[in-house]
Each structure stands twice: as structure tokens, then as C-alpha cells.
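As recorded in TrEMBL, the features of this protein are as follows:
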REGION    112-154  region 'Disordered'
COMPBIAS  116-125  compositional bias 'Acidic residues'
COMPBIAS  126-140  compositional bias 'Basic and acidic residues'
BINDING   Ser431, Ser602  Mg(2+) binding site
BINDING   Asn711, Lys712, Tyr713, Asp714  GTP binding site
Amino acid sequence: MTTDPDYVEQPSNNNNHWEDLLRRMLPAGAPFPDEDQLDFSISVQYQPPTHPYPTTIPIPILKNSTTFPKPTKKIPQNNPKFTTNFTNSIISPVSEQVSDQVSDKVSDVVSFDTETTQEEEDDDEDQRRTDNDEDDKKNTELSSTNVNDEIKKPKNHKKKKVCTRCGKGNRLREKESCIVCDARYCSNCLIKSMGSMPEGRKCVGCIGQPIRESRRRRLGKCSRMLSKVCSPLEVRQIMMAEKECPANQLRPEQLVVNGVELQQEDLCELLGCHVPPVKLKPGRYWYDKDSGLWGQEGEKPDRIISSKLNVGGKLQVDASNGNTQVYINGRQITKIELRFLKLAKVQCPQGTHFWVYDDGSYEEEGQNNIKGNIWGKASTRLICSLFCLPVPSEHSRDEASTLLSRSMPHNLEHGRVEKLMLFGLEGSGTSTIFKQVRFLYGDKFTPEELQNLKLMIQSNMYRYVSVLLEGRERFEEEALMEQNTSFSGNEDSVQGDSKFGKSTRCVYSLNTKFKHFSDWLLDILTMGDFDNYFPAATREYAPLVDEIWKDPAIQETYKRRDELQHLPDVAKYFLDQAIELSSNDYEPTEKDILYAEGVTPSNGLSYLDFSFNDRSPMSEIHDENGLSPLVKYQLIRMSTKGKPYDACKWLDMFEDARVVVFCVALSDYDQMWAHGSNGIMENKMLAIRDSFASLARQPCFADTPFVLILNKYDVFEEKIVRTPLSVCEWFSGFGPLKAQHSQQSLANQAYYYVAMKFKELYGSISGRKLFVCQSVGRESGSVEEALKYIREVIRWDEEREEDVYGINVNEDDDSFYNSQFDCR
Ligand SMILES: Nc1nc2c(ncn2[C@@H]2O[C@H](COP(=O)(O)OP(=O)(O)OP(=O)(O)O)[C@@H](O)[C@H]2O)c(=O)[nH]1
Ligand SMILES: [Mg+2]
């Protein structure tokens, strides 16, 4: 491919430039893809050999192209354009012919760049003209209905992508838009049109005017374009002004509390109290003055604010639309609250009327007898937070007053937590990914945790030995039986006792000196006494374990590990270092912890708070000191041990999850799995497919983006050359292109095929796009890339939401296209 030196510098000067470049990347004769058909929802990881920081980026799928994708393309290392995360990325056009092998349906799923119709364009013209009115109307109507249903996506947004001031640029170029009138400006015109931005991103003529409500959620959130145009200090000042200047604040008439519209003094009281409802949007709310519970009208409580505020009307019995016949301070509570109360062991038969005070103490109405404190136990606070019910912080008042006493109330933004739900069938690697996230971004392991991990690792070691010893017994029996049935009287052919013409030894026969230990260990396991001895006796038997592990009979047994249930491949890793792991001063390394089984519960919930600590332009904006990122994440791992998600009654507690991540071990396509209560064996990938489908059908995740992690790519790559993908009947249509034989390219094709099968399935269930990335759970870099991909998906989803209002600034797309430009 030829290089055009001008193009990197001035891509925006020529609207067709990217097309030229793209055309050059396509094989001769391939039809040129329509930009609306680009699909970023499959990610590949590429690790260039000489680059220190590999990156995952989404690959655009170019529909209607006629050739199979070339898997990767390199970006020149010395390209000055790439100083961001994407420096080391690759991007390649991927023909959706792969998907055509699967079905055309996928192309029908909703994408961010939806096709437009004339009717919709006309509608949109009207829409735009009346948009401000509509915002206002909405504010007065204070509707809480789904915005997606309410407002059509503006269909002339291609026109809008052009800079309002200079008229230049195409839809792929970044724009920043005015938070009042939505006029868009390119980087050259931004400062000229918005000046010093004393009220944030507003055209000079819009200063003083109220913002569009649809922009409220993004107030104070910097875009990449702004951070390129202004210095970090300026960005901080502009963002602070945007969030805090009076013109951009809510107006009292936009809020109705307990059926009564607020007055200015009510709003002041509400926002000025110790614990105000942060990030308040226009709407109708209910407020329980006695407990401080606060929620949207018709919804469960959303937060706990200061009690006893004199705002709004009287709390109505049906304020939260509950139907449980249990009442708190006169309000009929919702099902979720009732479930929580039951878990918190509060007796609440139907008809109970509770009186709950702002410190959490409660009593039954009329009994004058405090029965306890609802939020008293740490465990109930945890359940509460997992159920998305508000939790009063013991220090909430202190915290809030400290925050308020600081000059920067935007610190409240620290409260933003995005929940990432991680699901996957047993063996998919969710546990490993969870641990990797903790190593990458979470808290360090405390000495106590390390001590527990050490004991767990030591116990596990004895479990592995016992599985091997048990398997050895079985194999020995089988081998001897076989030898004896084929015994033809030739006594020389067998070793051992030939007195009765029977062989008594074979490759699985254990050295007699281990016999006693072996019998004892298997006995205590059978009797359920294992935990009484281990890990306490670890050190005592460690030399023996070491010897047994090296014994040829055990090594022979290990060779047949595929036939041994409950023997993970990490057994070798730990048994190889049995002596070291048993010493007194052994401390688990990161790798030991990563490989250790049982660190996260394999049945139930675990959660982990983290934030990205990378400081690239792709990462979130940071606080005023530039130290900690403002967006926090909570990774919630939910393991159901194969139980169908339909049977998980707790799932709807996570309806506010920001993204659902489903992890699949790609290498499971040839594995068998006992399914259902009858234990019938079936291909594991079919079980995974059904499990994934059942999750995708959950109404609570109907609006949540889904990311599929295709994990264990390393094992897959190695396996695919030996075992065809089509051993799984779901993948029987896979026909790899003959021209590409290499292991990598075969694995790559198979990866896309599997991804498209899942996308097709998800599309048919939800009508939406599934995002897919690959990973190797044991490699931290790979998990890091998968996480960044998930973060991008969240951003896209945010922008999609905004696009519904016609304010998509399309920043991310631009970066990807830029990356693509450089694939020469
Ligand atoms: N080779 C390879 N092994 C992996 C990968 N991801 C996880 N593993 C291993 O696969 C095994 C199963 O992974 P786990 O992390 O236990 O996943 P899980 O079974 O979903 O989680 P649990 O239910 O807690 O057991 C472990 O031995 C991991 O070390 C990977 O990408 N490549
Ligand atoms: Mg496991």
C-alpha cells in the first residue's frame, strides 16, 4: 500500500480521504462498504512482537465485502499520530461474509449508526425545531418513561456532524456540541464559538440560557476533543463551571415531591441539606421524611437523604407502587424491599406496618418498642448494596458535611459506581478474570488474606494427590483386568506373581511404601475427615507428597488426567513445588493466587470495587488533583453452578448493572457436560449456549449491553488444529478457508465464527448487538484489554443513549477510524 504523507496531518480536509484509504485496504473488486454498516462489536487482541503495550480494539466489520478478513494489520511503530493507547493497536477490515455464513439476521440488529428513512428525517426536522420546547415540556410533564420510547433518534444527524460554524468535516470527525442549542463545532471553531466557556460548553449566544435536559447527565464530563483543545487546568475549570454555575442548575418547577411542585426555597432546602439527593434529575419523586428514604415516583427507594426536610407533600401509600401489603411509614413497600427485610431477618407478615427512623431503628406501628436496626449488620448493608437499595453510611452526615465544607462540591461525583456483572459456566475462567482484575486495579491482598490463601493452596495440594491416588487405583485395576484377560499363558510376558498365571503389577502399580499413606488419605476423604487433618498436617507429609508425585505410577496416571474428574490442570503447577508450598515461611505469589482454586466462591456472589488507573487520553477524567479517576467500577461475579438463570430469583436485583459480561471458554467446544438434574451428557458448548440465551432473555437486563468474553484463546488455538470446531453440532456449518492454513488463522476464523453464532443468537433474542472480545484469563495484559473494551462498550452505550437525543459526538468512532487510516 502506498503512503500519503499529508493524510495523517489533515484527514479532515478531505472528506473522501478515509474512503480512499479504506478502499486500498480492501481486496481488488470488493465492494466498498457503506459507513453506516461498520460494526465495531468484535474485538481482537493483537500483540505486536516488539511493542510493550498490546491493546485490544474493536474491529470494524465491513458488510458486503466478498473476501474473508485478513486477521491483522500492523500500525507502523514510528507513526507520530499514534501517541495514545492505540499506538500499538491493529485494526483490520473484517468481512461480514463470516457472518453471512451464519445468517443475515445479524445485520438487522440495532447498531449505533442506524439507517435513516425519509419519514424519520422529516420527523427529525420537526423534532429539532421543537426540541427545546420538548425538553421543557418533558420537565413539566416530568415523565419517567423510557427515553428510548419517547424520543426518536434524529435521522439527519449526518447533517449535524458538519461543523455549524465552518461547515466542514464529515460525520467521522470529532465535534463538540453546545449544551443549550446542540450546535456542533470542530476543534478549529470550538474556542471561536464558545469563548472562555464561563458556563461550560455553550455557544457565546447561549450563555445564561438553561441547558437541554438530555445533557444534564454529561455535565462536567469532559470529552476527548475538549481535552485536546484546552489545557488540563482549563478543562477542569470549564467542567466545574458547567456543573456548578447557577444557569445550569435544576429549576424548582422541574421537581415534584410527593405530588407537590417545589418552590425555590424547597429546592434550596433539598440541595442544601447535609445529605442531598446528588445527581438529581427533573422528575417526580417520593420522599419519606421520617426515614430519609427517597425514590422516583412508582419505584423502589433509590437513596437515603437527610430526614425531616420540609419539602413536597405528604407521602402517599402507593408512592413506590408496592404491592406487598407491608408498610414503612405509611408507604406500601416494593417486593425487593420485602425480600431484603426477610434476608435481614425482620419479621414482616402481610399487613405489618413499620415505623422506621432515620438511624435505621424500627418498630411496629403502635407498639412503642424498638425492635432493632434495619441496617445494623454489615451483611445486610452488603445485601442492600448488591440489591441496589440505598445504604445509609454511618458517616454519611460527616462525609457530606466535609464534602460541602470543601470548595468543590463536584467531589460528589466520586459516588458514581458502574456495576459490571460477570457470568459464566463453571470452568469458563470467571474466577481467574476476577482475580486478574483485583491484581490490576483492586486492593492488595492483606496479610490475613494471604495466610488464608496459603492454607487453601496447601489443602488443595492434598486434594490433588488424593484424586491422583484414586485414579491410579482405578487405572491399575482396569489394566490388570485387561492384562489378565489377554493372558495367554506366556508367563514371561508379565511381571510379578506368576504363580497363579496372573499379573499383579502394571505401570499404575504404586511403590508399596506409599500404600499406607494412600489408603489413609483416601479413607479420610471418604469419611469426610479431610478438613480435620489438612492443612494442619501439610508440612508433615510434604516430602511424601513430593515423592508420590514423582512416582512413575502417578506420572502415568497424570498422563490420563482428562479421565480424572476434579483434577484441574493447575494440579501440576502446585505439586511440582510441594515442598516449597509446605514450608512455614511460604507466601503465595501472584501466580499462585491466580492459579489457586477456591479463592472466590464457586457458588454465589463475589464483588470487587476498582477503578482504572491508567492515565491515557482514553481513560476517565480525574479529580481536581488529577489523582484518582472519577468513575468507580464494581465487578460482581455471579456463579450459579450451572443453574439456569431463569431460576435465579435474585437476578432482578441487578437490573441497574451497567454491563453484563458473559464469559465462555472457547476451548469447551469439544467438552462434554452433564446437563440438568438427569445428568445427561451433552456438548458443553450447547449448555453454554442455552445458559447464555437464558441470561439474554432476562427482562432485568433488557436495556443492558452485553459483552461476550471468549476466553482460553490460548487453549483454543492449540486445540483447533487437532479437533475440528464442528465436533460441536452448533458449529457444524464452520468451513474454514482452505487458503489459510496456519494455526493462528484457523483459530482466528473459528473465533469469528463462534462470535457470530453468539451474536446471531443474542440478536434473535434481544434485537440488539452483542459485543465480543477474546481473552486469555491467565495473562493479565489480555484481561486488561478485555476490561478496556468493556469500558469502551459502556461509553458507546452512553453515547447511544445520547444519540437518541441527537447529541452523539461520535468521539470513539473517530479514533477507530483514525487507527484504521493508518493501516497501510
Ligand atoms: N490456559 C488457560 N487457562 C485458563 C484461562 N482462563 C482460566 N484458565 C484456567 O481454567 C481453570 C478454570 O478457571 P476458573 O478461573 O476456575 O474459572 P471458573 O471455573 O469459571 O471459576 P470457578 O467457578 O470459581 O471455578 C483454572 O485452572 C484457570 O487457571 C485461559 O485463558 N487460558
Ligand atoms: Mg473453576
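Including glycine, each Cβ sits where the backbone N, Cα and C put it.
Remember, TrEMBL labels are computer predictions, not curated facts.
Here the features listed in TrEMBL are placed on the structure.
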{"residue": "Ser431", "record": "Mg(2+) binding site", "Cβ within 10 Å": "25"}
{"residue": "Asn711", "record": "GTP binding site", "Cβ within 10 Å": "30"}
{"residue": "Lys712", "record": "GTP binding site", "Cβ within 10 Å": "25"}
{"residue": "Tyr713", "record": "GTP binding site", "Cβ within 10 Å": "24"}
{"residue": "Asp714", "record": "GTP binding site", "Cβ within 10 Å": "18"}
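In this structure the C-alpha atoms belonging to Lys712 (GTP binding site) and Ser431 (Mg(2+) binding site) are separated by 13 Å.
On the backbone, the CA of Asp714 (GTP binding site) and the CA of Ser431 (Mg(2+) binding site) stand 17 Å apart. A Cβ within 8 Å of the Cβ centre of Asn711, Lys712, Tyr713, Asp714, the residues given for GTP, is found for these other residues of the same chain: Gly429, Ala665, Leu666, Ser667, Leu710, Val715, Phe716, Glu717, Gln774, Ser775, Val776, Gly777. Asp714 (GTP binding site) carries a helical DSSP state (H, G or I). In this structure the alpha carbons, written CA, of Asn711 (GTP binding site) and Ser431 (Mg(2+) binding site) are 12 Å apart. Tyr713 (GTP binding site) and Ser431 (Mg(2+) binding site) are 16 Å apart (CA-CA, integer value). In the three-state DSSP scheme, Ser431 (Mg(2+) binding site) falls into the helix class.
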